[in-house]
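Have a look at the structure below before the remarks.
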Amino acid sequence: IAPELRNPCHYERINDVAFPAGYSELFATCSLNDIRVWNTKTRQELLRIEVPGLECFCVFFQRDGKAILSGWNDGKVRAFLPQSGKLLFAINDAHNHGVTAISGTNDCQKIVSGGMEGEVRVWRIGRQTQIMEGSLKEHRGRVSDIKINKEDTQAVSSSFDGSCIIWDIINSTRIMCLFESTMFKQVLYHPDESQVLTTGSNRKITYWDCFDGQAIRMLDGSDSGEINALSITESGEYFVSGGQDKRVKLWDYDEGTCQYQGIGHSGDITKISLSPDQKTMVSVGTEGAIFMWHVPQRIIETKADQDMPQ
């Protein structure tokens, strides 16, 4: 019997998954040695960007679609062209011991990166030059996630040290700090940016008020394991979680109840991303699997209701 290649995939744990802004036809994943870009409909690998011997911790599409930003365990931020996979630029020694979180502003002028030692750094990027505008050292542990608000004025970072910090990225100052006895794994803004959602090793999903930094609500996200991944719908009515219990859970934001569960992963879920059209969820795990889930029709319809002109 002659072996025939049906589908390539990662052979090690997958660390991150990301969709381009406003485009649901493809997504990127990153793992040991490479970043791969996949077609959402055919599930075929479109592009493989290889950096042998290194591990990619995080991946992010610039909003204009002109670059794939990535953070690596050698401490470099690398930007690649999304069609050819060629290196656009690299920021050497961006962080000691590895770049663990990355995000880009909506105007595509800046990158905010987080490192293994707890620094959050703001970079102004051009084709030829990448200049560090601010280095914010308050976290004492690995920075696990970074999100930037819509106005490009603030960023929120989560860390394994049990703190989430909201930063002013224009003046490079701290605005607010949120503390909990947990290793924070992921953080995100509610679409109206009045609240922040966090999750981590204490198996809880916590809602925080962005005005005074108080915890508003705490949900039991799992009975058995840490929660590593969060993603929220554009409407803010629903969010998705995943972690060590290997289940993808879809929650009602206001009610705080789990509406749907997806069972399939054989390893811990590391990240989840919702497609911009809100019809597909992609979850990735430590076993190297990529799972694509259909968002239930009822939830897609609530988005359609919001898109209707008043």
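Cβ atoms here come from the backbone N, Cα and C positions, even for glycine.
What TrEMBL says about this one:
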REPEAT    92-133  repeat 'WD'
REPEAT    136-177  repeat 'WD'
REPEAT    220-261  repeat 'WD'
REPEAT    262-295  repeat 'WD'
**Item:** Secondary structure tally of the repeat 'WD' (220-261) (DSSP, helix then strand then coil)
**Value:** 0 helix, 24 strand, 18 coil
**DSSP-assigned states of the repeat 'WD' (136-177) in counts, ordered helix, strand, coil** = 0 helix, 25 strand, 17 coil
**Helix, strand and coil totals (DSSP H, G, I; E, B; other) for the repeat 'WD' (92-133)** = 0 helix, 23 strand, 19 coil
**Complete:** Outside the repeat 'WD' (220-261), at least 6 residues beyond either end, the same-chain residues with a Cβ under 8 Å of its Cβ set are 183, 185-188, 190-192, 197-205, 267-274, 276, 278, 281, 283, 285, 291, 293, 295-296, 299, 302-303, 306
